[in-house]
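Taking it in order: structure first as structure tokens, then the write-up.
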Amino acid sequence: MSEFIAENRGADAITRPNWSAVFSVAFCVACLIIVEFLPVSLLTPMAQDLGISEGVAGQSVTVTAFVAMFASLFITQTIQATDRRYVVILFAVLLTLSCLLVSFANSFSLLLIGRACLGLALGGFWAMSASLTMRLVPPRTVPKALSVIFGAVSIALVIAAPLGSFLGELIGWRNVFNAAAVMGVLCIFWIIKSLPSLPGEPSHQKQNTFRLLQRPGVMAGMIAIFMSFAGQFAFFTYIRPVYMNLAGFGVDGLTLVLLSFGIASFIGTSLSSFILKRSVKLALAGAPLILAVSALVLTLWGSDKIVATGVAIIWGLTFALVPVGWSTWITRSLADQAEKAGSIQVAVIQLANTCGAAIGGYALDNIGLTSPLMLSGTLMLLTALLVTAKVKMKKS
């Protein structure tokens, strides 16, 4: 695809950035992220309304990640000759449809179907987002355009959980998803108005993506990515029941905790470039080690609200290094195949999200309230050890 993009650039001679299109892509990304994480802050009322346990309701996150995993790997190959403009419009339609199906769900099955639609949009869009952005601006402006996309991600992560918690208490969880559907409609119209025709990849450009895993240190890196994100979702998916029952937070208190978590994540993302300049490998090993210690502290002393709030802030600040750090690892260690490596990374992250949320939910329902924390801490510790021992890092 990278060769095709280069050819296309030469043919189209992009001289001026299409900022309206870039911002439409960023807005779509933000909406996808917000809707992906809405169940985290609405888990309890969703479970009560549908007559299921919170652990089962958490599988609405699992199915989204599971479908997104396959979408990220195969959608770009399936639609390689299709104009990307129409594909992005389709993803925005799926986002809107997902929100409506969830808001009108009267059964767990319909809820899962709605969340599966989101998974298709999420995985497919993420697999294409970088290459889309590169085709909307001149080469010199690509870093700035990508910063707009990832800035939208950071903002979405800041507001998703606390906004969902606040609005869920105010208007009910179903109306929260109805409001999200309105955002989806705005995505559709903005994309139709601003995104130009972007021809798909010719069939002769097709290459074997998975061959990258044979390179030294790449498989270890992907396993480390899997464990770190599985550990994150084993904890974060169930932050509402853990914090409300372990630390005794009410809805208002939980909203403030989630807001603090989001702000800390935004700050961590903003500071990550300075930390990664010093040592990417140290960041990739040190961040999960800090998170493992944080999980232990929350398990032992989480009944104290100050401790619980502090852990949430530290967690948000520290985990922000993880996705940025692994993206930096890919651009340095797999620079010649960064797009294909990115597709594998998205699939690994979504598989990790699936497994983390699923096993965390099982542990919550069958072992105990703090079991998702212990699972998360163990995975983070293993990640730190694996990065230290096996992950290779090329110098910039």
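Placement of Cβ uses the backbone N, Cα and C atoms for every residue, glycine included.
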Message = So that I know how the record lays things out, could you check whether W173 and K277 fall in the same topological domain in Swiss-Prot, i.e. on the same side of the membrane?
response = no
Inquiry  = Same chain only, please: residues at least 6 beyond the ends of the transmembrane segment (148-168) with a C-beta under 8 Å from a C-beta of the stretch. Say none if there are none.
reply    = 22-23, 25-27, 29-31, 33-34, 36-38, 40-42, 45, 129-130, 133, 175-176, 179, 239-240, 251, 254-256, 258-259, 261-263, 265-266, 269-270
Query = Based on Cβ pairs under 8 Å, which of the stretches 22-42, 108-128, 282-302 lies most in contact with the transmembrane segment (176-196)?
reply = 22-42
Top partner of the transmembrane segment (108-128) among 22-42, 216-236, 256-276 - counted as Cβ pairs under 8 Å = 22-42
Remark   = If one takes Cβ-Cβ under 8 Å and requires six or more residues beyond its ends, the residues near the transmembrane segment (344-364) are 54-56, 58-59, 61-66, 68-70, 72-73, 119, 122-123, 126-127, 209-210, 212-213, 222, 225-235, 237-238, 241-242, 323, 326-327, 330, 371-372, 374-376, 379
Key: Segment confidence, the topological domain 'Cytoplasmic' (1-21), expressed as mean pLDDT   = 59
Considering the transmembrane segment (282-302), which listed stretch of 86-106, 216-236, 256-276 counts the most C-beta pairs under 8 Å = 216-236
